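Peer 1: Not my notes, these are from TrEMBL:
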TRANSMEM  B:50-70  transmembrane segment
TRANSMEM  B:90-110  transmembrane segment
TRANSMEM  B:161-180  transmembrane segment
TRANSMEM  B:201-224  transmembrane segment
TRANSMEM  B:236-256  transmembrane segment
TRANSMEM  B:282-306  transmembrane segment
TRANSMEM  B:326-349  transmembrane segment
TRANSMEM  B:396-419  transmembrane segment
TRANSMEM  B:425-447  transmembrane segment
TRANSMEM  B:467-488  transmembrane segment
DOMAIN    B:546-603  domain 'CBS'
There are 2 protein chains.
Amino acid sequence: MEELVGLREGSSGSPVSLRELWGPCPRVRRAIRGGLEWLKQKVFRVGEDWYFLMTLGVLMALISYTMNFAIGRVVRAHKWLYREIGDSHLLRYLSWTVYPVALVSFSSGFSQSITPFSGGSGIPELKTMLTGVVLEDYLDIKNFGAKVAGLTCTLAAGSTIFLGKVGPFVHLSVMIAAYLGRVHTKAIGESENKSKQNEMLVVAAAVGVATVFAAPFSGILFSIEVMSSHFSVWDYWRGFFAATCGAFMFRLLSVFNSEQETITSLYKTNFRVDVPFDLPEIFFFVALGAICGIVSCAYLFCQRTFLGFVKTNQLISKLLATSKPLYAALAALILASITYPPGVGRFLASRLSMKQHLDSLFDNHSWALMTRNSSPPWPKELDPQNLWFEWYHPRFTIFGTLAFFLVMKFWMLILATTIPIPAGYFMPIFIFAGIGRLIGEALALAFPEGIVAGGVTNPIMPGGYALAGAAAFSGAVTHTISTALLAFELTGQIVHALPVLMAVLAANAIAQSCQPSFYDGTIIVKKLPYLPWIRGRKISSHRVIVEHFMNCAITTLAKDAPLEEVARVVTSTDLAKYFLVESTESQILVGTVGREELVQALRAEPSSWTPGHPCLRDLLAGGCPIEPVTLQLSPETSLHQAHNLFELLKLQSLPVTSLGRAVGSVSWVELKKAISSLTNPPAPK
Amino acid sequence: MEELVGLREGSSGSPVSLRELWGPCPRVRRAIRGGLEWLKQKVFRVGEDWYFLMTLGVLMALISYTMNFAIGRVVRAHKWLYREIGDSHLLRYLSWTVYPVALVSFSSGFSQSITPFSGGSGIPELKTMLTGVVLEDYLDIKNFGAKVAGLTCTLAAGSTIFLGKVGPFVHLSVMIAAYLGRVHTKAIGESENKSKQNEMLVVAAAVGVATVFAAPFSGILFSIEVMSSHFSVWDYWRGFFAATCGAFMFRLLSVFNSEQETITSLYKTNFRVDVPFDLPEIFFFVALGAICGIVSCAYLFCQRTFLGFVKTNQLISKLLATSKPLYAALAALILASITYPPGVGRFLASRLSMKQHLDSLFDNHSWALMTRNSSPPWPKELDPQNLWFEWYHPRFTIFGTLAFFLVMKFWMLILATTIPIPAGYFMPIFIFAGIGRLIGEALALAFPEGIVAGGVTNPIMPGGYALAGAAAFSGAVTHTISTALLAFELTGQIVHALPVLMAVLAANAIAQSCQPSFYDGTIIVKKLPYLPWIRGRKISSHRVIVEHFMNCAITTLAKDAPLEEVARVVTSTDLAKYFLVESTESQILVGTVGREELVQALRAEPSSWTPGHPCLRDLLAGGCPIEPVTLQLSPETSLHQAHNLFELLKLQSLPVTSLGRAVGSVSWVELKKAISSLTNPPAPK
């Protein structure tokens, strides 16, 4: 009956097609069609942020996967060459070293010739950009090719150079996001918006990390911790979405390429789940964290010092200035020679790739216990089933090789960071999981029966210590805590949640109180502008007020100033903006005038210069634009508040007004000075 | 030789004790002692934040564990009574219902008689406080006892009332933090600092969540997502530290109490690790997320509507106003009667506790496949080894009971949230894992051979869907993504990382675009003040400027105003603060004057009232304090910037000045109006 009513209604209201008449329930069908239409409108809005984020994630995943694929082929070719070249030591040595030397020098030459920004990881520069500093051309899409090609060559050099891809991927991702953002704003006809761009930076950085590790959680958290000091939950959600898209696509591709059965984690482990560790072991985990913290301080100090040395040493800096590829080749030759497997490389497990290094270190058996009674052979070829054979040497045992590996990698990594090629420095730091492995193996040997608790004996798993060591050391070097989460996402197991977290906290406590982070250290050495943090404990930042540290020597232009004076001011100073005040006498702030516009306006009206003493007001009336001041500080604003404002709103400078009069200005230069003097705060006036 | 030198030096420099002389290497020992002294100074600084955070974590863990312990005893007594009371249905029914009715009405009566703030979860109020609104006495330590006792009774009512403890624990933790903060500032003699207190709130909330779930990562992320819209990395680190201390202590206690062998997760699962899910299943996971999103919208809508109904319905509101315990008892009686196991409770698996519900839902076997050929018995007593027997009914099968469970719990939970007792609403929402289980079981039955991929057949694990359902539904209801991480931390397995995350994202996408979150909904119904978000897509917030929405009708006091006028203004308005301007004519903003101080000063000097026409300036010179304006907006400041400022700095109101003149003010009331009108943005003037 109701259907009939519906039919009649349909026929009277709108024209009903024959097909519609025939089908059952026309009203229901019409309702469904209406609903779908509504859904279409709701979901498919052009210019919607979500599409943009998804595109970013998928694109980065494709790039990451393609790069991995290409690198895999090149590395395989290298291995084939090394294997097939015969038994002559000279030929083998040459085949081992020439490959990485050629790749690294090409990487350096190619990328540096296109853009000087392509070297290093890119994270320090992004960090600087997020504090509001504009680095021209740093996000230009034309750097993209240089960075991709350079990074591929760097990574194809494999375990000889031993560098990662996180940093450059963050940079690549941000470049793509900036490019997509420009296309997006053009497409929907909106004016470009700076704060929106800044939002994009953090999200893009998260995508970069997530597509390298297939780890969305730690991707977003790591990028937030490294990049910014404040962030909004909204950015965090967007970051999650984009990072999940990226990570999913990245793993999906490897399933499609039949590398895996299904989507799993990158470095899958097989730790015992029932009783993964005993309660007393927590103590050793925290001790391991402390050791990692101390070693990381030493590493950070040496790294910064050596980087400074390279910059100041006449010979090296000359070499770097004139022929970067030569320096790169020399450094690569040293690194490759040391890792030559039949030579010193025998004690460095240098036949393993980076992934295999990690896989073997996270192994859930104790090598020390397994080699107590029998010694495994050193196979002529790498045994993929027993990667850990590489770590065993009959005379030095695994302890010797592990310790030697750590000591050598310590300075080799520092040397590698000075090579001007696109490269990430996170993964090589993560390999310091070896510290944890070493301590874990020692514990396993010291307590061969395991630690007895609750009547059950459990053998100690050195792999768990390796995991904690990796998270703690990388966390300490980068001053982040999310490396703990990264360790879980990478291995697909979270059974060591609390011990790893405690190790990371211990390591961070030591590293953060002694040394600037890896990225901050690079910023300091490269002399990039940055805004230091106010640590929570410095409560005195609430007591220091803007009056104490503001820049009082400001140049103001009064509206009633004669044009001669304006011209004199403009020519004698080189500020980008001038504070415009109502009159010379009142000094009441009206807004700011850009130097360029002022010069243009002055040039355009040279006729009105001489007679009648024209003043600035005439010039402004003539079309020179005034920018309004949207925010102003008072002399009584606290340093804490001012710092917060600068950090959140990514400001460059703010005027200070008292009773409306412009009395000073604060930029991050003044803030930096004020913060650095906080340790010995001046007595409040 | 060097030792000898050291000895001689020692003897000449400082007096050397006999023991020191005898021991080996006195110089080394002295150096070590010096180092220890330095370390002691470095580490044991009184008033250091870290001790404070650790104390907070440990205290909360102790409270949480003790409460769990006490609740366990009460619940066990109830079970014993129910078991021993004989076979009479009336007696059994009475023993089942009287217990929770008595507990809930006591909980309601006791806690409400001490403080009206003790009802509900407390998270909405904290959220309001974090936007800068001051709720008097809400964090007073005297509420503590009421909340603890009330919550214990609520939880002891067990699975009949079915409420959780997250929200109240967040409130408790914040209360303790506020109390410790006051003690701390008094101890080191610092003045109380508002921004420092706000920092504490988020950290304390994280500790609250972490000590309930023993999940530090999701504790901190969840509290950040729920509580604030901006946060600093510094707070996040501090939160991590405190949450880790709390979670560690909480789990440590259960090891010490021999409940566990070692520290593990709360709801340990045994999902298959090799191939936990097949690629095509991702689709079902996302569909599950979408379903959870839709159901959560329905839940949020019904919950808010019913809460509003309870507030407006004359009968109920009268009952609630006069005798809360009676309402609580009535509601508890309904809930307990329904869950009576031999009655309707048979189809609700109501003999299971909340923990057992989750444990059984996360079971890694498929019940549908297991009951295809054989039907398990309904044991007279609960079988702890086969909790899932409770879910099986020979006629309705597990699908019937699961569906019935979900439908009943839907409205029972809504009813339970209206009872004025201290209770958390997160865990009952998490139990909607049942949605996932239902879909997972249906899939397992539809594809009994599992989904074939890559030549291997893998049976489907409905437990994984239950995990995804729990995370997606609770994430959608609370508008958070970190529930995914919570699911992993609770179960100790992270194998479903990507599918769960994608389900949570899908659920959030639907819920966030259709309904306010559970906490926002409560804020709306309770009419608490709050500052709405500006969603990222509303780019128009950059175009709307303060001039468009500021409150122009401000009351200013001029320095040259006669005291009569000041008195008139003060008596005719009831603002807490007045803007002080230089003169009636210039209206240049000088600062603010508190109403109370003004009234006091006016009362103190009645003698100088009549002669010589004294003006406000005299009063101020007489000691009435002027507060400086530390921050001021311009009419050209964008809504976006103003909103950011208010959120970050937890402001209540800001003056707007133009050329130094006070022209208006902006408080969160104006901001709220401006944001709500953003959907139809007015054309910029």
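For all residues, glycine too, the Cβ spot is worked out from N, Cα and C.
The shown structure was predicted, so the numbers you read here are calculated from the model rather than taken from an experiment.
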Peer 1: Under an 8 Å Cβ to Cβ limit, what residues of the same chain, 6 or more beyond the ends of the transmembrane segment (B:236-256), are close to it?
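Peer 2: Those are 49-50, 53-54, 56-58, 60-62, 64-65, 199, 202-204, 206-207, 209-211, 213-217, 219-220, 223-224, 262-264, in sequence order.
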Peer 1: Below 8 angstroms Cβ to Cβ, which residues of this chain, lying six or more residues outside the transmembrane segment (B:396-419), approach it?
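Peer 2: Distant contacts of the transmembrane segment (B:396-419): 104, 108, 120, 161-163, 299, 302-303, 306-307, 310, 327-328, 331-332, 334-335, 338, 344, 347-349, 367-368, 371, 388, 425, 428-429, 431-432, 434-435, 437-438, 441-442.
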Peer 1: Mind checking which residues reach the transmembrane segment (B:201-224)? Cβ under 8 Å, same chain, six or more beyond either end.
Peer 2: 53, 56-57, 60-61, 63-64, 123, 126, 129-130, 164-166, 169-174, 176-178, 231, 235-236, 238-240, 242-244, 246-247, 249-251, 265-266, 424, 478, 480, 482-483, 485-486, 489-490
Peer 1: Is the transmembrane segment (B:90-110) packed against any residues at least 6 beyond its ends, judged by a Cβ distance under 8 Å, and which are they?
Peer 2: 74, 78, 81-82, 119, 146, 149-151, 153-154, 156-158, 160-161, 324-329, 331-333, 335-337, 339-343, 419-422
Peer 1: Give residue numbers and ranges for long-range contacts of the transmembrane segment (B:282-306): same chain, 6 or more residues beyond its ends, CB-CB under 8 A.
Peer 2: 410-411, 414-415, 417-418, 432, 435-436, 439, 443, 465, 468-469, 472-473, 476-477, 498-500, 502-511, 514-518, 521, 524-525
Peer 1: How do the residues of the domain 'CBS' (B:546-603) split into helix, strand and coil according to DSSP?
Peer 2: 23 helix, 17 strand, 18 coil
Peer 1: Six or more residues beyond either end and a Cβ under 8 Å away: which residues meet both conditions relative to the transmembrane segment (B:425-447)?
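Peer 2: Answer is 121, 162-167, 281, 284, 287-288, 291-292, 295, 354, 357-358, 361-362, 366-369, 372, 398-399, 402-403, 405-406, 409, 413, 416-417, 459-470, 472-474, 477-478, 483, 518.
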